[in-house]
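**Student:** First the structure, then my questions, so here it is.
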């Protein structure tokens, strides 16, 4: 485990050095090329409910045109929301990720950048938004057995309606075997684990996972297999900024 962590850290450092030399012009050109390819994928065209990362000002492909296209087509869009929560295998409050609904183009354009320059959903709007894993505005406290059964049934119906068809995922590095190396926080991998477990527990069946597509700048595609562990989810497809696509 220590060796895997060290290998991941070394690769992240190498990739960040490479990305630091990328010009704004190249980022713009590659973002446009990758967007055109992604929008042509049959999985994207069929998807009614998609998750999309909100891109940083530099160092990763820009998702603005993807979000705008999905909004024009009337797709439901969910974007990352990082919050503090007590979760399994964490003895204290940890940062974890859910995905919350994005309402419109004006809603998207009104998002304020966080400390890293990433557009972020305001905490005071979360209760009004749909969420993939957590119930919006849910109350706490004791409930009767009948109420608990009713809530479980309601959550099952609600969870069924909150299936994601496709998720556009960021990363630091990728390989041709559809391995993905994230930024080291485990947000997406843990989100996918919880998504899978929640659907199975509430729907009582093995669930179909969203189609996972990564977006990579050309320098982020490693010629070698990247280090991954058992908890790292592999992609179904990777769209690269040079216009190429890698699929299962």
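From the backbone N, Cα and C atoms, a Cβ is placed for every residue, glycine too.
Automated prediction, rather than curation, is the source of TrEMBL annotations.
OK, TrEMBL features for this one:
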BINDING   8, 9, 10, 11, 12, 180, 181, 182, 183, 184, 185, 186, 187, 188  ATP binding site
BINDING   54, 60  substrate binding site
COMPBIAS  138-147  compositional bias 'Polar residues'
COMPBIAS  148-161  compositional bias 'Basic and acidic residues'
REGION    136-161  region 'Disordered'
**Student:** Among the binding-site residues 10, 60, which residue has the fewest other Cβ atoms within 10 Å of its own Cβ?
**Tutor:** 10
**Student:** Using Cα coordinates, what distance in whole Å links residue 183 (ATP binding site) and residue 60 (substrate binding site)?
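**Tutor:** Each residue's Cα considered, residue 183 (ATP binding site) and residue 60 (substrate binding site) end up 12 Å apart.
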**Student:** Between the Cα atoms of residue 60 (substrate binding site) and residue 187 (ATP binding site), find the distance and write it as a whole number of Å.
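**Tutor:** Their Cα atoms are separated by 17 Å.
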**Student:** In whole Å, how far is residue 54 (substrate binding site) from residue 12 (ATP binding site) when you measure between their Cα atoms?
**Tutor:** 20
**Student:** Within 10 Å of its Cβ, which one of these binding-site residues (8, 12, 183, 185) has the largest number of other Cβ atoms?
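**Tutor:** Its Cβ has the most other Cβ atoms within 10 Å: 8.
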**Student:** What is the interatomic distance between the Cα atoms of residue 8 (ATP binding site) and residue 54 (substrate binding site), given in whole Å?
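**Tutor:** Cα-Cα, rounded: 23 Å.
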